[in-house]
């Protein structure tokens, strides 16, 4: 049975939306914006009201300019200081609190990446509110949806905090359009460096393959590959597909690959156009990290493997025969 809202209720709802304002904490590498920030902006737009982005860094003018062009962003706040090098949460927290004091946002959010998960709990603690982590949908300005029990159950959370602080699962929201916007840009509130931690260095592994969480195609291997050397089969296949390579926790724990390739509840969450699971049985923890993929292909010699329950296409066969055959066929195209 449906019940029509009274005119007064509609006016109050419209008024509430009008006064919503969301601050998105931008994740970036000074010259490039992290893709998850665009997904977070889309989530923020679902709340209604004005969306502002805070960019903190050392030489982040380009990122600020790029954000001004993003559809749906009304304002970009820029803070540049040597203290913000490396985006240390200890230094960013006072900046965000000062920004919140100035603009009185109703919502503060960031992507549910290592950056966001490290920063937002500090913000929430300082504001004395309970944060909401890893949301996958927004029902209203105070009602959010997230998964629990390794993705096997969905929880709807109603938040009555004065400021809603939450992190966004990037794979659950489309990326905001990188063009079409015309946001204004201004300097953010200045704060003194805290100085309790210092950014020293960062060493990035260079790879011709796309980054795992942003790749359109992912080829992942599990314990069925039997050794780290056999992961070369996946690397060869991935090269033909221009894909990223991932792994199950079992493969990581066995020492086959490093943990930066781990896909799953305790690893990285991915949702590519195509996910190929090779020699992966399909533990709940792994499924939680890839079940939102658009198309899932599973290769496993065990027909009872749980991975086939979520796969769109399944190949029950020896991976050591199938994967090289797939690679050779792709080479001939």
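Cβ coordinates are placed from backbone N, Cα and C, and glycine is handled just like the others.
It should be emphasised that the depicted structure is a prediction, and the values quoted were computed from it without experimental measurement.
Per Swiss-Prot, transit peptide is recorded for 1-19.
According to Swiss-Prot, the region 'Domain I' annotation covers 20-204.
Its Cβ taken as reference, residue 62 (N6-acetyllysine) is surrounded by 14 other Cβ atoms within 10 Å in the chains shown. Taken from Swiss-Prot, the feature N6-acetyllysine applies to 62 (among others), supported by similarity to another entry.
DSSP classifies residue 75 (N6-acetyllysine) as strand under the three-state reduction. Look at Swiss-Prot and you will find 75 (among others) tagged as N6-acetyllysine, backed by similarity to another entry.
Residue 85 (N6-succinyllysine) falls outside any helix or strand according to DSSP and counts as coil. Cβ contacts within 10 Å of residue 85 (N6-succinyllysine), excluding its own Cβ and spanning all protein chains shown: 17. Under the heading N6-succinyllysine, Swiss-Prot lists 85 (among others).
According to Swiss-Prot, the N6-acetyllysine annotation covers 85 (among others).
Per Swiss-Prot, N6-acetyllysine is recorded for 101 (among others). Residue 101 (N6-acetyllysine) carries a helical DSSP state (H, G or I).
Taken from Swiss-Prot, the feature N6-acetyllysine covers 139 (among others), and the record attributes it to similarity to another entry. Proximity of residue 139 (N6-acetyllysine) to non-local residues of its own chain (separation of 6 or more, Cβ distance below 8 Å) is seen for 145, 156, given in sequence order. DSSP gives residue 139 (N6-acetyllysine) a strand state.
Residues or ranges marked as N6-succinyllysine by Swiss-Prot on the basis of similarity to another entry: 158 (among others). In the three-state DSSP scheme, residue 158 (N6-succinyllysine) falls into the strand class.
Residue 164 (N6-acetyllysine) carries a strand DSSP state (E or B). Residues annotated as N6-acetyllysine in Swiss-Prot, with similarity to another entry given as evidence: 164 (among others).
The Cβ of residue 203 (N6-succinyllysine) has 4 other Cβ atoms within 10 Å, all protein chains considered. Annotated N6-succinyllysine per Swiss-Prot: 203 (among others), in sequence order.
The annotation region 'Domain II' is assigned in Swiss-Prot to 205-333 on the grounds of similarity to another entry.
A simple way to gauge crowding: the CB of residue 281 (FAD binding site) has 19 other CB atoms within 10 angstroms, across all the protein chains here. Marked as FAD binding site by Swiss-Prot on the basis of similarity to another entry: 223, 248, 263-266, 281-286, 300, 318-319.
Taking a C-beta cut-off of under 8 Å and a sequence gap of six or more, residue 226 (N6-acetyllysine) has no contacts in its own chain. What Swiss-Prot records for 226 (among others) is N6-acetyllysine.
The number of other Cβ atoms within 10 Å of the Cβ belonging to residue 232 (N6-succinyllysine), over all protein chains shown, comes to 11. Mapped onto three states, the DSSP output places residue 232 (N6-succinyllysine) in helix. If you look up Swiss-Prot, you'll see 232 (among others) marked as N6-succinyllysine, on the strength of similarity to another entry.
If you look up Swiss-Prot, you'll see 232 (among others) marked as N6-acetyllysine.
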Review point. From the Cα of residue 164 (N6-acetyllysine) across to the Cα of residue 101 (N6-acetyllysine), what is the distance in angstrom?
Key: 14
Exercise for review: List the residues of the same chain that sit at least 6 positions away from residue 265 (FAD binding site) in sequence and have their Cβ under 8 Å from its Cβ, in sequence order, or write 'none'.
Suggested key: 150, 151, 284, 285, 286, 288, 289
**Study point:** Most Cβ neighbours inside 10 Å, all chains, among the recorded positions 75, 101, 158, 164, 223
**Key:** 164
Exercise for review: Could you check the binding-site residues 263, 283, 319 and say which one's CB has the most other CB atoms within 10 Å?
Suggested key: 263
